[in-house]
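I have a structure I would like to understand better, so I am pasting it below and will then ask my questions one at a time.
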Amino acid sequence: MDPSSAGAGGNSLASASCGDAQKRRVCYFYDPEVGNYYYGQGHPMKPHRVRMTHALLAHYGLLAPAKMQVLRPLPARDRDLCRFHSDDYVAFLRAVTPETQLDQIRSLRRFNVGEDCPVFDGLYAYCQTYAGASVGAAVKLNHGTHDIAINWSGGLHHAKKSEASGFCYVNDIVLAILELLKLHERVLYIDIDIHHGDGVEEAFYTTNRVMTVSFHKFGDYFPGTGDIRDIGYSEGKYYCLNVPLDDGIDDDSYQSIFKPIIGKVMEMYRPGAVVLQCGADSLSGDRLGCFNLSGKGHAECVKFMRSFNVPLLLLGGGGYTIRNVARCWCYETGVALGEELREKLPYNEYYEYFGPEYSLFVAASNMENRNTNKQLEEIKCNILDNLSKLQHAPSVQFEERIPETKLPEPDEDQEDPDERHDPDSDMVLDDHKPMGHSARSLIHNIEVKREITESETKDQHGKRLTTEHKGPEPMADDLGSSKQAPVSASSRIAEVPTPQPPRLLSPFLSGLRFCFIADDRLIATSVFNFKILLDH
C-alpha cells in the first residue's frame, strides 16, 4: 500500500518529494550551545544530535532567510517552568550540580534524578534552553506570523510535574500547549516517538481542551503506560487516544493506521493548532527502539499534518542512533518547507558519521513485522469507535478584551505571571543577515516597550541586530505574550488557560493522580486514592 494514499482526512503530499505547491511560513529555533550539554559517558541521550541536524540544514541551504526565519530562543524563566512544574522541583533543578548532588540524596530520590536522568554540568540552563524554544515557537504560532514552528531540541514528553523521567527533566511540550491554549480553544497533540507520551497525556487527562494521540510500542517497554483502554477521565473522557503497537512495524502498516485515525481526529476535533512530537527512536535501527520505519515513512506523518494547513509545532524527542536522528529531522524540515532535498548528503563537518552510504534517507531493514493486519484493524476500529462518542468540536466561550495601547515598564514584583514578553524579542540567529521583524501581535496590536541590551544594536531602520549571546536576556515579561484575559495563577499544575475571568477551574494533576472539580471544590476520586483538596 502506498503510504501517501492511506487513510482519509487530509491532502497528503502526493510523494516523498514534498511536492506541495503551497509554501508555508516557517520559523526554526536553535541555540548553538545546545550541542555542548552532555548527559555523561555511555548515556544514550546526546543533545549533540541537534547540532548535527543544524549542520545538515545549513549545508542544504535551508537556513537562508528566504527559506525560513532562524531564531535563537530566550531561556525560560523560573515562573515559565512553574506554569506546569512545582516550585520546589524547579528550585531543585536550578540548584543541583554534579558537585553538590551527593549532599542532596533525598531530593534526588524524591525528584527521580539519578541514573536515567543524571545531574550534569549546565543541567538547568539546558532545560531553560529547550523549554524556552518550545514556548517561543508556540508564541510565534499564536501571533499568526508563521504557519509552522520547529524546535528539534524539544519534545521531552516524559517529564512530570514534580519529577524527571526517561531522560526528560522539563516537559516543554506541556508548556508549549499551555501557551497555545491562550489563543486556541482546542489543541491536538500527536506523538510518534516509540515510547508512550505519558507526561503530556497525564497533564491533560481530564480536559477536553487538549486531545492527546500517542502511537507507541506497548508491552514490556518503558514507560509501561499507554494501554488502548486509557481514554481520559471526566471531561477528558475520549479525548485521550492510545495506539499500542508491536515490534517491527513498517511504513505501510504505520500509515494504514496513522492516517485514518488522525484524519478522523481532525474531522471530529477541529483543533486550532497541532503539536507533533517527532521522536526519531521509531526509526529502523535505533539504539533503543524496535520499530522499522524508514526516514520517508516517518516524515510521511509530518507531510500528512502539514496538509491540513493548521498551525503546526514540530518538536524533537527520542532518537539514539544520532546519525539517523540528524538525517530524519533534516529531511522533515525540508518537508515542512516544501523543499525537495537531494539524497546524497552535502559535505559537512560531521560527514564521516553518515558513511558508508552518505544518504539523507534512513532505510528500513528486513526485520519481522509483528503487527498483523488483523491486529491493526482491531486497534483502528477500537479507536474510531471511541472517536464516534465525541461531541463534534467542543467549544469554549471567549470574551473580548479591550486592547491596551501601551504597557508600562515591567515591575518584577507587580507582573502578572500569566503574561509573557513580546515574542519578537526572540533573537534572530546571526548565521545570516538579520531579518526584519514580523508585525506586532495581530491579535491585539499592542505596542510593547523593549529594552535593547549591550549585546544588541539598532540599525538606521530600527531593526534589532544581535551579536554575541551574553546569556539570559532581559525580557519585557517572560517568554512571549499570547494576549489573553486574566486567569488565576493559584494552581500551576497543568492548569489549562481559559479566557473566562475571574477564576479558573481546571484539571489538577500530580504524578499519576487525577481529580475533578465539582461544586467549587477540588474533589479527589476514590479510584485514584485521593485526599480531598479544597480549591482556594
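Including glycine, each Cβ sits where the backbone N, Cα and C put it.
Annotations for this protein, taken from TrEMBL, read as follows:
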- D116, G166, Y320: substrate binding site (BINDING)
- D193, H195, D281: divalent metal cation binding site (BINDING)
- 394-431: region 'Disordered' (REGION)
- 398-409: compositional bias 'Basic and acidic residues' (COMPBIAS)
- 418-431: compositional bias 'Basic and acidic residues' (COMPBIAS)
- 451-472: compositional bias 'Basic and acidic residues' (COMPBIAS)
- 451-487: region 'Disordered' (REGION)
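In terms of burial and nearby residues, how do these features look in this structure?
Around G166 (substrate binding site), the same-chain residues six or more apart in sequence whose CB sits under 8 Å from its CB are D116, C117, H158, H195, F222, P223, listed in sequence order.
Take the CB of D193 (divalent metal cation binding site) and look out to 10 A: across all protein chains shown you find 26 other CB atoms.
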Once D193, H195, D281 are set aside, which residues in the chain still have Cβ within 8 Å of the Cβ centroid of the divalent metal cation site?
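Everything else in range on the chain: I194, H216, K217, G279, S282, L288, G289, G317, G318, G319.
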Measure from the CA atom of D193 (divalent metal cation binding site) to the CA atom of Y320 (substrate binding site) and give the result in Å, rounded to a whole number.
12
Identify which of the binding-site residues D116, D281 has its Cβ surrounded by the largest number of other Cβ atoms within 10 Å, counting every protein chain shown.
D281
Would you mind ranking the binding-site residues H195, Y320 by how many other Cβ atoms sit within 10 Å of each Cβ and giving me the lowest?
Y320
Given the substrate site residues D116, G166, Y320, which other residues of that chain have a Cβ within 8 Å of the mean position of their Cβ atoms, reported in sequence order?
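Residues close to the substrate site, other than D116, G166, Y320: P44, M45, H158, F167, C168, F222, L288, G318.
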